[in-house]
Amino acid sequence: MANYFNTLNLRQQLAQLGKCRFMGRDEFADGASYLQGKKVVIVGCGAQGLNQGLNMRDSGLDISYALRKEAIAEKRASWRKATENGFKVGTYEELIPQADLVVNLTPDKQHSDVVRTVQPLMKDGAALGYSHGFNIVEVGEQIRKDITVVMVAPKCPGTEVREEYKRGFGVPTLIAVHPENDPKGEGMAIAKAWAAATGGHRAGVLESSFVAEVKSDLMGEQTILCGMLQAGSLLCFDKLVEEGTDPAYAEKLIQFGWETITEALKQGGITLMMDRLSNPAKLRAYALSEQLKEIMAPLFQKHMDDIISGEFSSGMMADWANDDKKLLTWREETGKTAFETAPQYEGKIGEQEYFDKGVLMIAMVKAGVELAFETMVDSGIIEESAYYESLHELPLIANTIARKRLYEMNVVISDTAEYGNYLFSYACVPLLKPFMAELQPGDLGKAIPEGAVDNAQLHDVNEAIRSHAIEQVGKKLRGYMTDMKRIAVAG
């Protein structure tokens, strides 16, 4: 099979990369009615599989789970989760032939095997759903022409999808129809009903494409969402300890610092995050972020180039075929780092202390968010898509580090995200070491003293922060998410 994106001509590539439309709430007036009375079979009962299924059932849909015979016979975790929540469970052969919509929510590396197994069992005219388009775009999976192929991609982990639904809300969601597989022209109706059934329409839905979702998702997770947080954690911890900070305190400042800092980001964008600093600290954080952007821009561009060309995907799939040798080696090495093995700090760190002593961390967040956003937009991805794949998801990933450091982040994210994270962080850490060596007192671990600032300089910096394109689009999109709960509880 050939990478689907690479089979398109340039005009088609640009059209699909640039497909992005914020949908009005009135477009979801019918809710999930298009799928009511139809059979929806979910393959996979992980975090997305279970929680989307719970929401869809609560929205009045007929949901069951198709699992492998071995998973049922051995009563594995997927079988237990589905049955304990009262769902009908059966084998592929028992459930797939009756399904009107088969939703594939297994991990990326299992998609080809799953799709090749279920396709012959699917009835004529059925629909196949994904929550990530890697299998279609990067693997180039060929789907029977009578089958409609759609995507509903919540921009949150599965647990958040469920919790926001239970609160009567939802999470921002991308939906798409594969242009090669919409024989009856009903793909958008199916995708809208599925999104409404998960609650996504209450938080904002973007009509996107499989291509735009995949390319932007890969870029975000590799760079700012995971790679930058991992590289920043390792670099900042080593710098603090090198300068005599208690390793336990240093570890806590970083582990919970990302979460606390990005909670401000979630509520009010880069503007609010920077406003939490004193004026002298804000000017310093801005200067550091500009230096970081200049240093890291080529690395961000390389990741985007490799994602667009398919180089990243082909390398990762080669590692799949080699039993994940690179992935598992990098995972083991990360677990042995000084940050991951540092003792726990039992003392209290106040919320403002994370900002005052984390000026460099704030600069890293600002630089990483803006670079990821700018690089995606420069590659043809529309601003709304770039926002969701950079700034929006960052607090959610930071929250995983607050739970169990980098180990938890890498367990929770997909193997695809984890592989890309290691590629980025392994390149970024040595790239930034000369920069780290030139830091000044107050950049990390100590507060910058209050003092006089130049009013004109402060005015210009504030204008530069607020006028960035990500702040403009973010203000609009956050207007649809005002009811989402706080994530951070600083340690």
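Every residue gets a Cβ built from N, Cα and C, even glycine.
Annotated features, as they stand in Swiss-Prot:
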type	residues	note
ACT_SITE	HIS132	active site
BINDING	CYS45, GLY46, ALA47, GLN48, ARG68, ARG76, SER78, ASP108, LYS109, GLN110, GLY158	NADP(+) binding site
BINDING	ASP217, GLU221	Mg(2+) 1 binding site
BINDING	ASP217, GLU389, GLU393	Mg(2+) 2 binding site
BINDING	SER414	substrate binding site
DOMAIN	15-208	domain 'KARI N-terminal Rossmann'
DOMAIN	209-344	domain 'KARI C-terminal knotted 1'
DOMAIN	345-484	domain 'KARI C-terminal knotted 2'
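Sequence features annotated in Swiss-Prot and their locations in the structure.
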| residue | record | Cβ neighbours (10 Å) |
| --- | --- | --- |
| CYS45 | NADP(+) binding site | 27 |
| ALA47 | NADP(+) binding site | 17 |
| SER78 | NADP(+) binding site | 21 |
| LYS109 | NADP(+) binding site | 20 |
| HIS132 | active site | 23 |
| GLY158 | NADP(+) binding site | 22 |
| ASP217 | Mg(2+) 1 binding site | 26 |
| GLU221 | Mg(2+) 1 binding site | 25 |
| GLU389 | Mg(2+) 2 binding site | 28 |
| GLU393 | Mg(2+) 2 binding site | 23 |
Going by DSSP assignments with H, G and I as helix and E and B as strand, what are the residue counts for the domain 'KARI C-terminal knotted 2' (345-484)? 101 helix, 0 strand, 39 coil
Same-chain residues at least 6 apart in sequence whose Cβ lies under 8 Å from ARG68 (NADP(+) binding site): THR91, TYR92
Within 8 Å of the Cβ centre of ASP217, GLU389, GLU393, which other residues of the chain have their Cβ, at the recorded Mg(2+) 2 site? LYS155, SER216, MET219, GLY220, GLU221, LEU225, TYR388, SER390, HIS392
ASP217 (Mg(2+) 1 binding site) and HIS132 (active site), Cα-Cα, nearest whole angstrom: 9
Whole-number answer please: how many Å between the C-alpha atoms of LYS109 (NADP(+) binding site) and SER414 (substrate binding site)? 10
What whole-number Å value do you get for the CA-CA distance of SER78 (NADP(+) binding site) and SER414 (substrate binding site)? 17
Report the same-chain neighbours of the residue listed as 'substrate binding site': residues 6+ apart in sequence with Cβ closer than 8 Å to its Cβ, ordered by sequence. PRO107, ASP108, HIS132, GLU221
Cα-to-Cα gap, GLU389 (Mg(2+) 2 binding site) vs ASP217 (Mg(2+) 1 binding site), nearest whole Å: 6
Looking at the binding-site residues listed here (CYS45, ALA47, GLY158, GLU393), whose Cα lies nearest to that of ASP217 (Mg(2+) 1 binding site)? GLU393
Under DSSP, is ARG68 (NADP(+) binding site) helix, strand or coil? coil
Give, as a single whole number between 0 and 100, the mean pLDDT over the domain 'KARI C-terminal knotted 2' (345-484). 95
How long is the line from the C-alpha of GLY158 (NADP(+) binding site) to the C-alpha of GLU393 (Mg(2+) 2 binding site), rounded to the nearest angstrom? 13
Rounded Cα distance, in Å, between GLU393 (Mg(2+) 2 binding site) and ALA47 (NADP(+) binding site) is 16
